[in-house]
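Asker: What follows is a structure written as structure tokens; I'll ask about it next.
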Amino acid sequence: MIYYGTMFDHKVRFSIVRMREVVEEARNRHVLSYLATVVLGRALIGAALVTPWLAEKERWTLDIEGSGPIRRVVAQSTSEFTVRGYVANPKVELPLNEKGKFDVAGAIGQGVLRVVRDLGLKTPFVSQVPLVSGEIAEDLAYYFAVSEQIPSAFSIGVLVDSGGVKIAGGFAVQIIDRTLEQEKVELIERNIKNLPYITELFQKAEPLDVLERIFGEKVGFVETAEIRYKCDCNREKAKNALLVLDKKELEDMRKEGKGEVVCKWCNTKYVFSEEELEELLKFKVDNSGS
């Protein structure tokens, strides 16, 4: 569930989300290691936190590429409060870091954070910043400060063990009106700095309690929505992916007796029979003039 709204005469906007089930679904879909679960989980939470601020029918993609062993993590959200994502190396594992936590920064390494905003126009808007920590939350705050000139704070966490995802969530606070009194800015900064890790917070406190600790007072009107893991892949799209292959690759699949397309976003497998591949080959030949 995501909670979102504004504070201080609409000069500050916030969102806070708990989405254990969504991150657990991602873990199961992609058969992720513990560390990969935390990395993808953090990215999905980051993408979920911006959903209240997206334009109608907007698709927002967080794409992080780094020098670390996970190589790449991608999370996408929509204005319909859906998310999906994947990592390049779902089996990555590293020793715990010096704080005894999963080494997300080590898994990602040095690299870039790219945001793609697709509003359904001809060309999506793409912005890119260097990673400042590889922990994802700090990198998102840096992105918003530099690329969108919005002072922001993000806190994101995932707790996972042999039983699966235990806690997953985070919050985002953004100053959207620079006329906000300096004392309010300092209050928010101080309160956020004094908070424990978000995974510790969510073991004891509800989202509205966390917001009260951030702002120093009860929040007023809060809207809510359910965050869902949803992919828009289907068999027709998988078939079109096969048609992009050259004729020899399709013929090799046909000789093997089947072809398989796996969606990178949700790991759904689409299997095509020898007869279906024969039809695709015929279609490709008929429409290529060869």
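Glycine is treated like the rest: Cβ placed from N, Cα and C.
What Swiss-Prot shows for this protein is this:
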- C231-C233: disulfide bond (DISULFID)
- C263-C266: disulfide bond (DISULFID)
Asker: Can you grab the distance from C231 (disulfide bond) over to C266 (disulfide bond)? Cα atoms, rounded to a whole Å.
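Answerer: Cα-Cα distance, C231 (disulfide bond) to C266 (disulfide bond): 6 Å.
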Asker: What whole-number Å value do you get for the CA-CA distance of C266 (disulfide bond) and C233 (disulfide bond)?
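Answerer: On Cα coordinates alone, these residues lie 8 Å apart.
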Asker: For C263 (disulfide bond) and C233 (disulfide bond), what Cα-Cα distance in Å is obtained after rounding to a whole number?
Answerer: 7
Asker: Within the chain of C233 (disulfide bond), which residues six or more apart in sequence place their C-beta under 8 angstroms from its C-beta?
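Answerer: C233 (disulfide bond) has long-range Cβ partners C263, W265, C266, T268.
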